[in-house]
Structure formats: C-alpha cells, structure tokens
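Per Swiss-Prot, these features apply:
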type	residues	note
TOPO_DOM	1-7	topological domain 'Cytoplasmic'
TRANSMEM	8-28	transmembrane segment
TOPO_DOM	29-52	topological domain 'Lumenal'
TRANSMEM	53-73	transmembrane segment
TOPO_DOM	74-92	topological domain 'Cytoplasmic'
TRANSMEM	93-115	transmembrane segment
TOPO_DOM	116-119	topological domain 'Lumenal'
TRANSMEM	120-142	transmembrane segment
TOPO_DOM	143-147	topological domain 'Cytoplasmic'
TRANSMEM	148-168	transmembrane segment
TOPO_DOM	169-228	topological domain 'Lumenal'
CARBOHYD	ASN204	N-linked glycosylation site
CARBOHYD	ASN218	N-linked glycosylation site
TRANSMEM	229-249	transmembrane segment
TOPO_DOM	250-263	topological domain 'Cytoplasmic'
TRANSMEM	264-284	transmembrane segment
TOPO_DOM	285-303	topological domain 'Lumenal'
TRANSMEM	304-324	transmembrane segment
TOPO_DOM	325-330	topological domain 'Cytoplasmic'
TRANSMEM	331-351	transmembrane segment
TRANSMEM	355-375	transmembrane segment
TOPO_DOM	376-425	topological domain 'Cytoplasmic'
MOD_RES	SER394	phosphoserine
REGION	398-425	region 'Disordered'
COMPBIAS	408-418	compositional bias 'Basic and acidic residues'
MOD_RES	SER416	phosphoserine
MOD_RES	SER420	phosphoserine
Amino acid sequence: MESNCGHPMLSVSSAMYTFLLGAIFITLSSSRILLVKYSANEENKYDYLPTTVNVCSELVKLVFCALVSFWVLKKEDHQNRKLRCGSWKEFFNFMKWSIPAFLYFLDNLIVFYVLSYLQPAMAVIFSNFSIITTALLFRIVLKRHLNGIQWASLLILFLSIVALTSGTETSQHSLAGHGFHHDALFSPSNSCLLFRSECPRKDNCTAKEWTFSEAQWNTTARVFSHIRLGLGHVLIIVQCFISSMANIYNEKILKEGNQLTESIFVQNSKLYFFGVLFNGLTLGLQSGNRDQIKNCGIFYGHNAFSVALIFVTAFQGLSVAFILKFLDNMFHVLMAQVTTVVITTVSVLVFDFRPSLEFFLEAPSVLLSILIYNASNPQGVENVPRKERIRDLSGTLWERSSGDGEELERLTKPKSDIESDEDTF
C-alpha cells in the first residue's frame with residue numbers, strides 16, 4: 001500500500017508534463033506555419049532558398065543535441081565505451097536514422113510549396129488527412145488495432161475533407177493580396193548586386209525555383225476540375241503520407257529494443273546528422289542553388305521572419321521528438337488538430353480569410369470525426385498505447401510511469417528489479 005501513496009502525485013506530474021509538451025508543440029507549430037507565410041514576398045514567393053532554412057534548423061538541432069549528448073555520455077562511461085567499439089551491427093543501427101531524416105527533409109521542403117498555393121487555414125485543415133495516413137500506417141507498420149468506431153470516424157473524416165476541398169475556391173493569385181504582411185517582409189541585401197541584375201531576365205531566378213508552372217499544372221489536373229483540385233491539395237496529401245511515415249518510423253526506432261533506454265539527445269544527434277547531410281546535398285547538387293550561394297552567400301534573401309523560422313522549426317522538431325519518445329504518434333496527431341483551430345482563428349483575424357457557408361458546415365464534421373476517433377481510442381486500443389507509454393517512460397523517467405488497474409499492479413510489483421523489467425519488454 002505504501003508504494004502506491006506517491007502515485008496520485010506522480011500522475012499529476014505526468015499530466016503536467018504532457019500538457020506542457022502539448023502546449024509547446026501547438027505554439028511552435030502554429031508559429032512555424034505563420035512564419036513561412038510571413039517570410040514570403042508580395043508575389044507569394046520566397047526571396048531566399050527554403051532549403052537554407054531547413055539546413056540551418058537541422059544544424060541548430062544537431063549542435064544542441066550533440067552538446068547535451070556529450071554531457072550525458074560523460075556521466076555514463078559504459079555507454080561511452082560502447083560507442084568506441086564499433087561493429088557492423090551498430091553501423092547499420094546508425095544508418096537506420098537516415099530513413100526518417102530523408103522523409104523529414106522532404107516534409108519540410110513541401111511545406112514551402114503548399115503555402116505558396118493555399119491559405120494557412122486551408123493548408124492546416126487539409127493536413128488533417130494525416131490522421132488517415134497515420135492510422136493506416138499504424139495498422140501496417142506498428143500492428144496497432146483500430147476498432148470499428150475509429151475506422152468509421154476516419155471514413156467520415158475523409159469524406160468531409162473531400163467535401164471541404166470541393167467547396168473551396170481559393171485562388172493562388174489572391175493569396176499574395178491578403179492582409180498587410182507584405183510590406184514588412186523583405187529586407188533587401190547589399191550583396192551580390194551583379195547576380196541580382198541578371199535575375200530580371202530570368203524572371204526572378206531565386207523565387208522561380210520554388211513555384212510550379214500554373215498553366216502546366218492546370219492542363220495536367222483538368223481531369224480533377226469537377227472537385228476543384230489544385231496543386232496545393234495534391235502536395236498536402238503527399239506531405240501527409242511522408243510526414244506520417246517519418247513519424248511512425250521514427251517512433252519505431254526510438255522505442256525498439258535497447259533504444260528505449262538510450263538518451264533521446266544521443267538518438268536525435270544521429271537523426272539530425274543525416275538531416276544536415278540531406279539538406280546540405282540539396283544546396284550543393286542543384287545548379288541554381290550553387291550559383292546563388294557562390295555569388296550571394298547562404299543567407300541571401302533572408303529576412304527577420306525567415307531567421308525566426310529557422311529557430312522555430314528547430315525547436316518544433318525537438319518537441320516532436322520528445323512526443324514520439326515519451327508519448328506516441330496519436331498524441332502528436334491530436335495536438336496537430338488543436339493547431340488547426342489556432343491557425344484558422346489567426347487566418348480569419350490576420351490574413352482576411354473569409355470562410356464560406358459550406359466551410360462552416362463542413363469544417364465541424366472534420367473536427368467532430370477527430371473527436372469521435374480520439375474518444376473511442378481508450379475503448380479500443382487502450383492496452384497497446386498504455387503499455388508503450390509505460391515502457392517508454394520507465395526507460396528514462398521511472399517516476400512518471402502510469403497505468404490503471406491490473407496493468408499498474410503488474411508493473412509496480414517487480415519494481416525492485418528494474419533491469420529484469422526491461423528484459424521482459
């Protein structure tokens with residue numbers, strides 16, 4: 001009985017940490033979407049290379065995690081010795097991190113394209129499609145069971161998104177004319193004047209690379225004209241698949257085997273090493289990027305918003321890593337839906353986003369299907385995520401372990417021998 005006395009306090013502490021982590025993620029995610037939009041110029045294009053934002057944010061995360069990792073490994077000599085003794089198995093385990101790094105690289109790059117064609121509110125609403133992709137990949141990759149109510153809510157969600165898509169008429173030409181943000185965006189640079197003088201003949205060579213030909217896309221997508229499908233809609237569906245795959249694979253390798261007890265900063269150092277590598281290769285391999293960096297430097301075209309975007313993107317990536325390590329993908333998806341509400345509200349107030357009557361009728365269907373999905377989650381798959389959370393938190397923060405009924409009793413009994421607990425998991 002005495003061993004259970006502290007559990008209510010630990011449960012409150014765990015709930016506080018969970019709430020704080022969710023609030024941080026929502027704030028950073030909302031800020032990131034708004035900063036991407038604010039960092040564009042009057043033509044809704046980017047005067048800087050978007051890849052430079054991703055390179056710098058990955059570098060910020062790598063430096064931060066590497067410094068913390070060195071401090072952690074210094075305190076744990078046995079892990080330090082293990083790292084010195086390399087083997088092929090450890091090398092292949094290290095190379096595993098290249099897969100989510102590449103997927104995150106694609107995900108971060110597509111965001112710039114999406115927000116060139118869609119309002120932030122519409123982009124976030126359509127990104128709810130990630131619930132479907134996450135659920136499917138949960139079932140296939142993580143073998144997670146979904147009950148009938150959850151599948152029904154996913155079907156309602158999908159149909160609501162299709163209806164929402166067919167009922168919106170957002171013109172990409174009108175995007176640059178919203179609000180008052182254009183005048184304060186661009187900070188002209190004094191460098192590379194010669195390079196800039198050649199750009200007008202090439203139709204703004206910096207910004208041109210980051211938009212698609214509208215005429216070419218319209219002829220390609222004419223078959224979808226009856227549902228008013230645009231390039232932004234297709235891109236965001238692709239982004240949902242890529243983002244879901246990245247997060248699920250990342251959660252899998254964060255928690256599988258002995259990775260569960262490894263420091264999250266050591267794990268993230270491996271991930272961000274490949275993130276810097278992939279984004280850096282993109283800068284070097286594209287001739288347009290190479291010429292601009294050679295003549296103007298890597299920070300040409302950046303403004304206050306894009307610089308802030310670098311750090312917000314970095315810390316948002318860190319918050320996602322903490323969610324996947326200590327919670328799970330479904331919590332991440334749920335917090336993304338709260339971000340939807342925040343971005344929609346801000347778009348109405350700042351970007352002069354004026355929802356139609358159809359929007360007000362169909363958007364609640366999206367949010368209600370999300371609510372039904374998450375409300376049915378404890379009834380259908382309670383045991384699996386609960387066990388994962390307990391396993392995950394018990395590997396690092398033993399005092400934050402939580403559970404209900406027999407499950408908690410079973411986990412707290414062998415508390416005198418923590419290592420045997422790990423072996424059974």
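Using N, Cα and C of the backbone, Cβ positions are placed for all residues, glycine too.
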Do you know the DSSP helix, strand and coil residue counts for the topological domain 'Cytoplasmic' (325-330)?
4 helix, 0 strand, 2 coil
Which listed stretch (53-73, 229-249, 264-284, 331-351) has the most C-beta pairs under 8 A with the transmembrane segment (120-142)?
229-249
Cβ pairs under 8 Å with the transmembrane segment (264-284): which stretch of 53-73, 93-115, 331-351 has the most?
53-73
In the predicted model, what is the mean pLDDT computed over the topological domain 'Cytoplasmic' (376-425)?
41
Quick test of the contact rule: Cβ under 8 Å, at least six residues beyond the ends. What residues does that give for the transmembrane segment (93-115)?
33, 36-37, 40, 46, 50-51, 54, 57, 123, 210-212, 231-232, 235-236, 238-239, 242-243, 245-247, 249-250, 253, 267, 270-275, 277-279, 282, 313, 317
How do the residues of the topological domain 'Lumenal' (116-119) split into helix, strand and coil according to DSSP?
2 helix, 0 strand, 2 coil
